[in-house]
Every structure is written in C-alpha cells, then in structure tokens.
Amino acid sequence: MTTTRDAPALTATDLVVEFPAGRGQKVHAVSGVSLEVAAGETLGILGESGCGKSTVGRSLIQLPPPDAGTVRLGDVTLTGLAPRELRRARARMQIIMQDPVSALNPRRRVKDLVWEGRSIWGPGDDARDKDARVDAALRDVGLDPATVRDRRPHELSGGQCQRVCIARALMLDPEVLICDEPVSSLDVSVQAQILNLLETTTRRRALSMVFIAHDVSVVKNISDRVMVMYLGKVCEVLPSDGMQHEAVHPYTRLLLASLPEAQLGSAAPAGPPAAEERAAELPSPLNPPSGCRFRTRCPLATERCAAEEPAPREIRPGHRIACHHAEPRRNHP
Ligand SMILES: Nc1ncnc2c1ncn2[C@@H]1O[C@H](COP(=O)(O)OP(=O)(O)O)[C@@H](O)[C@H]1O
Ligand code: SF4
Ligand SMILES: [Mg+2]
C-alpha cells in the first residue's frame, strides 16, 4: 500500500460482492478486496476475464454498492450514504467503460452529452458558458468542436466516442477516474492514442485513476502500481516499475510469462510456469477452491495452500503478496 502523508483519494476496505446464481448458489465475484489510491496516482487492476475487476470498479462507484466493505472518497464514506448525498458525492468519481458507443445516449448530440452531468450537478448559473466550455472540453480530448459538436454518437468512430466519454467525465472535475477496459473495444491503432490521452490528462490534472484491464503491458505502462486479482481475491500489489523482475506471486509470474519480452521493455521474467499451467482455466466462482484460490493452477501449491488462505503480507515497502511460499527475489538485475 502506498505510503503518503496526504489522505488517499480513494480507499476501499474488505469489499465483498456476491451474485445470486439460483438453487441457493452464489457467484463469489469479489471476496474481501482492499485498495488505496493516492492523489494523482494510477492504480492498475490486472487479471484474466472473470476475476472480478469490473465488479470491483462498479462497487467503488456504488453501482451497485458492495454487499460488505467500505469505500471512502477523500474524507467521505460512500457506503451507507443516503441516495441523494451518494449521487452528489459520486459526481466526484467518474467511470469510463469498455464500450463507448453504448455508454452514450444515441439520440443526444455530442454537446449535450458532454454537458449532461454539468447540467445536473453544476452550479445553477453555469449554463451561460455552456458552448464555450463544451468546446474547450472537446479540444482538451483532441476533438475538433466545429466537426463533432452537433453530431450524434453513431456518426463518430469508436475512438471519437471514447474521447467524448472522457470529455463528459472531465466536465465534472472529478478527483478519481475509474477506467474499465477503456481501450479493449478499440482498433489497435486507436488504443495508443486513447491511452496517451488518459495518461497526459491524469498527469496534468493530478487526477487519481483506477485503470482496469486484462492486458499486462497496457496496465504496466499506464500505472504507478499494479494490483493483480485472481478469482475475486488480491494476489499481489506492487510498483509497476521493474514489475517484471520484482513480481513473486505465482499467478503474477504466470501472467508475465505469457508476454513477449519486447512488450515488457527489458529482460523476460525467470522461471515461466509449465505450458499446461498457462492453459488451465479459471475454476468456477460458484465454488472457489479452499485455502488459496489459485492452488489448482499453482506450480508451488502444497497441502497448506488447500487448508489455509494466505493472508496479505508486505515483503518490501509498497509490495504486498498473498501467498504462503513466495519470497522476495534477490538476484535480479
Ligand atoms: N450481474 C451479475 N450477475 C451474476 N454474475 C455476475 C454479474 N456480474 C459479474 N458476474 C460474475 O462475477 C464474476 C466477476 O465478473 P467481472 O467483475 O465482470 O470480471 P472481470 O471484469 O474481471 O472480467 C464472473 O464470474 C462474472 O460472471
Ligand atoms: S499460497 Fe500456495 S497455492 Fe497460493 S499462490 Fe502461494 S504457493 Fe501457490
Ligand atoms: Mg470486466
């Protein structure tokens, strides 16, 4: 966990989210996740599809609220707020979704989409500046106001729609931006542009960001710290710089081993797990393995791993793991 003198911008403690699945069963989507994001920091959330990343993102903005656990935005505890106060506080935290086209009302024009939140949450006399402020917001995200202002979402490309979503979120001057796979639905050529826009915007505004994705190199490149999730649990949290050398949790090593060396920008991780381990599937979240949830795929698993859940422990400042057996690496470059 980051040590900072200032209060964190966002803190979540012991989040639990379960979905009813019929016949008395439950999907254990998120099972005791805690995280902290400092002001101006980007925390990446990494893990394969189905591990609970989006559910964490949605429970941070309370859509829906978690079944248990608390979320604090600055000094306000969101969990347990009355609906009206919650809506007001939530305007300080904005979410960017994977599919920008369906995130936008198809009947509205770009200028109204960008202004929408402001018209609900902004001060009353705001509307006089609407055109100028919408144009400035569009320019800020790299769109030409004269070209897009009066268009509707279907008249724009996916990348342009994602820029509109970002402008719309920034219009509310949020403190925290939650991005859930914001480039996964875009063409490869457009992905880098949107990532670059998010990176420069958060840096310029000292905005905190939670960046969710399943792509290791994307998360590593944009984040200050990375939180790795597996089947609703946190495996490892560590700085993204040098992550390929420092990561020790067997699941993080497995994710890193699947990447070509070039994408990591330096030496490949040592000790890749066996090929059959890589191919193994996520166990069902209806009935997660006992003890450590990763044990059915873990090359280091022992009897203890089946009997006892590993508690998170700090192995060096800012680097936590939940594993009985992994130890800090010593002999790396
Ligand atoms: N609304 C829902 N109802 C039932 N199960 C859900 C719902 N949303 C997510 N899940 C399940 O919760 C688990 C975590 O999902 P999700 O958070 O979307 O994972 P990720 O974003 O990492 O792919 C998955 O098993 C998924 O099928
Ligand atoms: S606790 Fe055991 S099963 Fe889980 S990751 Fe560590 S070694 Fe593997
Ligand atoms: Mg998701």
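Glycine too: its Cβ is placed from the backbone N, Cα and C atoms.
TrEMBL entries are annotated by machine, without manual review.
What TrEMBL records for 10-256 is domain 'ABC transporter'. Positions annotated as region 'Disordered' by TrEMBL: 266-288, 306-333. Look at TrEMBL and you will find 306-317, 324-333 tagged as compositional bias 'Basic and acidic residues'.
Mapped onto DSSP classes, the compositional bias 'Basic and acidic residues' (306-317) shows 2 helix, 4 strand, 6 coil. Restricting the average to the domain 'ABC transporter' (10-256) gives a pLDDT of 94.
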